[in-house]
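**Q** A single structure is presented below for examination.
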């Protein structure tokens, strides 16, 4: 006999976005295996030539694009589905995909140097090994259940041990091979201090330092507990502080790097452009927060300075190229789009992190709360019935300066089969702000616990991620990386 109903899928996973999120991440993981395979082949042969970058870079780009899209989609899902109003929690599973993304970003920039100047050969191979090894580590962390995560929905310790053994074998073997044969592919190029490749090296060092920060923060609680030293938690303050210190010099190098020539250059060649960008950055980093939010917070000014520095220099250099009639490739425009995407994401982070307002309130029909010029009025709670759940939906009207702005429908659902109670947040999204409401538990006398948020520029975080992915796709479309047709055989 068959049961009338099965166990049902976890309600958190009953979302269309979850159809694409895991495959995108794993396509990114698998893509880095190709760069890893090319790296092992180069080490075994002792030869790394232009063919390596011509084949490895498109695969690395594709993997990076898939991973970027997967991370963006997962962040957006966590924002609207978990009901916490956050877009990133530095959760172990989130970090598991972020670490290979950082290493992959460093690898892309290192491959550019290897392609243009035949430099960074050994470093590029090491990054290829690291990126794929981090993909294996991420798979292990997600599937083994060794770390607690709100994103872990299925764990298999036995399979986790198999993945761990495979990871140790692959990573250990490849690093041993690199130690033995890495000297055979070392670059013979001497880089000037003021050159694009030197700035890209600084970019790489900072990206890998950021990756090590995430790795340390993710694994330290596990190691600490396994050594019998007790339980510790490495949370948001640690990651945010460390990333701020690393991203400021990273943004500085990122803005200047594309302006500097390969091989050797002189700072005076771009002195006027840098001074103009510096003045514009300082003015905009103070003026924009003041105009948009009526007050200046130091960390917002720092974030806006990074975003404006990257964006102003990228746009200024692109305008110069177009005005001079300089021939530009799709790879160049992809780079510009990706850098602008990062600037957009930094803008979203700076505003949403520092100007968001959160209120946990007790409301019944007719009650009102004002948050940042928006007045939320709790109207009523209606019973609802869905295909596999029942529950209630709260109607919350929102006005601004007396004018209707939105009506939020925040739901509390009880799923019939699993008997799980879930919150479905109500979000009114806009270009410069989100209004967010999550319905909590029912209290006495017809009152409800309600969580309300004002989130400025939060959607810019994901818009920037999509723009970065678009930049990667433009680079992939560059004719240089298209497969060349084989020559016809003689006779």
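Using N, Cα and C of the backbone, Cβ positions are placed for all residues, glycine too.
Below are the features listed in TrEMBL for this protein:
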| type | residues | note |
| --- | --- | --- |
| DOMAIN | 3-144 | domain 'Cytochrome c assembly protein' |
| DOMAIN | 164-478 | domain 'Cytochrome c-type biogenesis protein CcmF C-terminal' |
| TRANSMEM | 26-46 | transmembrane segment |
| TRANSMEM | 58-78 | transmembrane segment |
| TRANSMEM | 98-115 | transmembrane segment |
| TRANSMEM | 122-142 | transmembrane segment |
| TRANSMEM | 162-180 | transmembrane segment |
| TRANSMEM | 201-222 | transmembrane segment |
| TRANSMEM | 242-260 | transmembrane segment |
| TRANSMEM | 272-290 | transmembrane segment |
| TRANSMEM | 296-318 | transmembrane segment |
| TRANSMEM | 330-351 | transmembrane segment |
| TRANSMEM | 457-477 | transmembrane segment |
**Q** List, by number or range, the same-chain residues at least 6 past the transmembrane segment (242-260) whose CB is under 8 A from its CB atoms?
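**A** Distant contacts of the transmembrane segment (242-260): 194-196, 199-200, 202-203, 206-207, 209-210, 213, 217, 270, 273-274, 277, 299, 302, 306-307, 309-310, 312-314, 317, 335, 339, 342, 346.
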**Q** Do any residues, 6 or more residues outside the transmembrane segment (330-351), come within under 8 Å Cβ-to-Cβ of it, and if so which ones?
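**A** For the transmembrane segment (330-351), the far contacts come to 247, 251, 254, 258, 289, 292-293, 299-300, 302-304, 306-308, 310-311, 314-315, 318, 321, 456-480.
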**Q** Please spell out the DSSP helix, strand and coil residue counts for the domain 'Cytochrome c assembly protein' (3-144).
**A** 114 helix, 0 strand, 28 coil
